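Accompanying notes for the structure given below.
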Amino acid sequence: INMENVSCVKEFILLGLSKNKGEEKICFVLFFLFYMIIVAGNLLIVITVISSHHLNSPMYFFLCYLSIVDICYSSVTVPKMVADFLVEKKTISFVGCIAQLFGVHFFGCTEIFILTVMAYDRYIAICRPLHYTMLMTRHACGWMVFGSWVGGFVHSIVQTLLTTRLPFCGPNKIEHYFCDVHPLLQLACTDTYFVGIIVVANSGMIALSCFFILILSYIVILFSLRRHTSEGRHKALSTCGSHITVVILFFGPCTFTYIRSSSNLSEDKWVAVFYTVITPMLNPIIYTLRNEEVKSAMRKLWNRKVRS
């Protein structure tokens, strides 16, 4: 049978976070605010890093790209979710749904790789300081970021192709506020056991192996810090502290969702709020509040604006 003939679903209905009208109005205000903070906060970091001569180390180069990915990542899901709080029927076209699925996995996976690259940068800076300038050249950092984008793209293409090949013949209600692999697998009118395993293996392997690399690099960093002076230790721990916080906030919920075949979708969608909304919103705050260099660069930028 031709799969195309079997898929007769032209649009999906997103059930969203809440079915209560009052709750939806509160959610609209909250998430609209959150999205404004995500865009403003991350844009501020991008502008500060680009326009400051002092923030030219690899750490800030990666931070700049992390902020760009965060804006894109939350923009795939949050504006649609916010708009849906105001409408009765939350529909999304089949093509729109697949595009959203692609975007979520593309930017989400790219973020995982960039966070891993940032851990590698901290490892080299603290454990091999003499080789730092030789290993972390602009060229090398550029390739690492490029590799992160390519990795995200390859991962996302696999997830998207696996899902689009499935036949959907109704029901078309998605128990989520955006199109993701697990909720779509449950709607396919065929046995999705093997596809489910591939999906979990693909997402889970990436999340787990990167998480393992991150944990390993931080164990090595903590051991090598014993040789540093207390001042050096404090400085190193403050830059690593921000990164570890972001990693836990992003990886925890992400791994929880994709490492298992999903049974409880209503639980999953609340977990997803963490990595699609909360983490992108907290990233700029975590990185700026704990970082004197970024704060002083922002002050200089502000003073320049005021003077001009």
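Counting begins at 1 with the first residue displayed.
For all residues, glycine too, the Cβ spot is worked out from N, Cα and C.
Keep in mind that TrEMBL annotations are predicted by a computer and have not been checked by a curator.
Noted in TrEMBL for the protein shown:
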DOMAIN    41-287  domain 'G-protein coupled receptors family 1 profile'
TRANSMEM  28-47  transmembrane segment
TRANSMEM  98-120  transmembrane segment
TRANSMEM  140-158  transmembrane segment
TRANSMEM  193-225  transmembrane segment
TRANSMEM  237-259  transmembrane segment
TRANSMEM  271-289  transmembrane segment
### Distal contacts, the transmembrane segment (98-120) - CB-CB under 8 A, six or more residues away
59, 62-63, 65-66, 69-70, 72-73, 76-77, 80, 92, 144-145, 147-149, 151-153, 155-157, 159-160, 163-164, 178-181, 184, 203, 206-207, 210, 213-214, 217-218, 243, 246-247, 250-251, 254, 275-276
### Same-chain residue ranges lying at least 6 outside the transmembrane segment (237-259) that approach it to Cβ under 8 Å
59, 108, 111-112, 115, 118-119, 122, 126, 182, 199-200, 203-204, 207-208, 210-211, 214, 218, 221, 225, 268, 271-272, 274-275, 278-279, 282-283, 286-287, 290-291
